[in-house]
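Peer 1: Okay, handing you the structure first.
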Amino acid sequence: MEAAAIGSQSPLSFPSSLCKAKVASGLPICNVKINGNRRLEVVCHGMLATRKFMQRKKKEEVFKDAADEAEQKNWRRMMREIEETGSAVSILKTQRSGKEPLPRDVILGTLVRFKQLKKWNIVSEILEWLRTQHWWDFTQMDFLMLVTAYGKLGDFSRAERVLKYMNKKGYQPSVISQTGLMEAYGRGKQYRKAEAVFRRMQTSGPEPSPVTYQIILKSLVEGDKYKEAEAIFEDLLNEKRASFKPDQKMFHMMIYMYKKSGDYAQARKLFAQMSERGIPLSTVTFNSLMSFETDYKEVSSIYDQMQRAGLKPDVVSYSLLIKAYGKARREEEALAVFEEMLDAGVRPTRKSYNILLDAFAISGLVDEANTVFRAMRRHRVEPDLCSYTTMVLAYVNASDMNGAEKFFRRIKEDGLKPNVVVYGTLMKGYSKLNNVEKVMRVYERMRIQGVEPNQTIYTTIMDVHGRNSDFGNAVIWFKEMEARGYPPDQKAKNILLSLAKTPEEQEEANELVGNGAIQLEVKPYSEEVDDADEHEITQTDSGNHRLLDDTPARNHVNGRISAGNYAFDEDGDEDDDDDDDYEEEDGEEFNFVSFKDKRELNFAS
């Protein structure tokens, strides 16, 4: 009877257009309970069931004949060996029989594949080797691909060297070679030189292409050269003689720039201009808007607007919405969105799972977090250190330090090395329990393992001494923080000032925090000073909480690509999403949209 009553109104329902969709996939809710605070808790052991599209299907391969089968399998084996060793030339040399040259289609297929995988170091290695081989005719196209590879790697010294050699050989500067050099400067953080190449192209030629504009905007935005990027964009926007106008990718980059600089009003204004100028909106456009909204209602509204525009949400869209609900402590809605993503046939990434984990961890819902963690492995997504850290946080927020310690031990048992974020999470848990001894024990364990503390660690130690009204030790750790080169944050200063009771202590505290003889009015120390920093520990390590994984296709070498010749393509790869694009500026913000130049100077089969 209870199950029937629950089935009539799902506890996962919420005020969004998603409530009209099938969000529970018809899965039974095994347990629904109300705790002492009358809060509805959903413990659904049947949630996150594996969908059909997630099941491994063995593809049936078709070969022309036995010789073709042997050739393709040998090529794949060679690619795996190159991937494992990280070097291509030594493996390619073993493929030669005597003094016979390697087949052209093998060389080109290998270059194409590693270009698709964004392994530009391997691409450049192969091309440099081919320059020394008498049996390979190294043409202008090879030189252009080499410059492009060095551009992607940010190796401007080698790019300059190749261009100098091309000039010596009589090759005229082209838009591809100059754009490659410009990108090399940009990725090498030589932003003035990158802009100088761009300006030279404008005045002396070759005329910049849309791809050139995309890359210069990207370089300047990444270098925080906002005024320069804005000037270039505005010039192109208002230039009547230009053969092209800013395209969708350029608008996306500028929206990202305004988001990065915190000018959300200008970003929204630019979004409105896209429609006015007839620039097609895409899922990426709406994702970029969702990424800088903090209110889950606003994120949900943009999500609904995207669907009304006839666009399908991708893994980024779902992850942004899940994150918004998680931050608002609306874990039921976060789970519902995740289930909707699975029903839509969108494959979650590791970071999508980590976001859902975090939604449950914030509220200390250990059972639900464990269910998500197990589902990751069931869906063949290997948890990373961020996943384990978030599980430790779930136990910490549930005040279950025994469970937190057990999961901490699992990190080492599963072959991972705890970092400062994991240790900090444990210390945070003991600090909330006012257990000074346990906090210091975790700190000692961390130092024995060679892990360096950061500002958050010192603030946590001050925090626990503050909870125990220990002004003397708080002063010692405040000074230690400064001695280690970490400027004390506002929380550390507030802790110190709140602990000072006598006039002497107040004078010392004011001197340490830089207030001189001016006495700040602070509240007596309480747990309130901890509220604003509740999730600081899990956001300290920029390597732990990036939102989205790269697409699974990046991690596999699928099939063989045979090519007779190659050419450059202005459209480029639509899946270009290098790891170094748009890393988060700080621990709280995530950059969800990769606005890569998308050009990639393709080899065409």
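Glycine is no exception: its Cβ is also placed from the backbone N, Cα and C atoms.
OK, TrEMBL features for this one:
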COMPBIAS  535-553  compositional bias 'Basic and acidic residues'
COMPBIAS  568-589  compositional bias 'Acidic residues'
DOMAIN    123-235  domain 'Pentatricopeptide repeat-containing protein-mitochondrial'
REGION    527-593  region 'Disordered'
REPEAT    139-173  repeat 'PPR'
REPEAT    174-208  repeat 'PPR'
REPEAT    247-281  repeat 'PPR'
REPEAT    314-348  repeat 'PPR'
REPEAT    349-383  repeat 'PPR'
REPEAT    384-418  repeat 'PPR'
REPEAT    419-453  repeat 'PPR'
REPEAT    454-488  repeat 'PPR'
Peer 1: Averaging the per-residue pLDDT over the repeat 'PPR' (247-281), what integer do you get?
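Peer 2: For the repeat 'PPR' (247-281), the model's average pLDDT rounds to 92.
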Peer 1: Counting only residues 6 or more past its boundaries, what in the same chain has a CB within less than 8 Å of a CB in the repeat 'PPR' (174-208)?
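Peer 2: Sequence-distant neighbours of the repeat 'PPR' (174-208): 143-144, 147-148, 150-156, 159-160, 163, 166, 215-216, 218-220, 222-223, 225, 228, 232, 568, 580, 597, 601.
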Peer 1: Mind tallying the repeat 'PPR' (454-488) by DSSP state, helix then strand then coil?
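Peer 2: In the repeat 'PPR' (454-488), the DSSP-based counts are 26 helix, 0 strand, 9 coil.
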Peer 1: Treating G and I as helix alongside H, and B as strand alongside E, what does DSSP give for the repeat 'PPR' (419-453) in helix, strand and coil?
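Peer 2: Split into helix, strand and coil, the repeat 'PPR' (419-453) gives 26 helix, 0 strand, 9 coil.
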Peer 1: Kindly report the helix/strand/coil residue split of the repeat 'PPR' (139-173) according to DSSP, in that order.
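Peer 2: Per DSSP, the residues of the repeat 'PPR' (139-173) fall into 27 helix, 0 strand, 8 coil.
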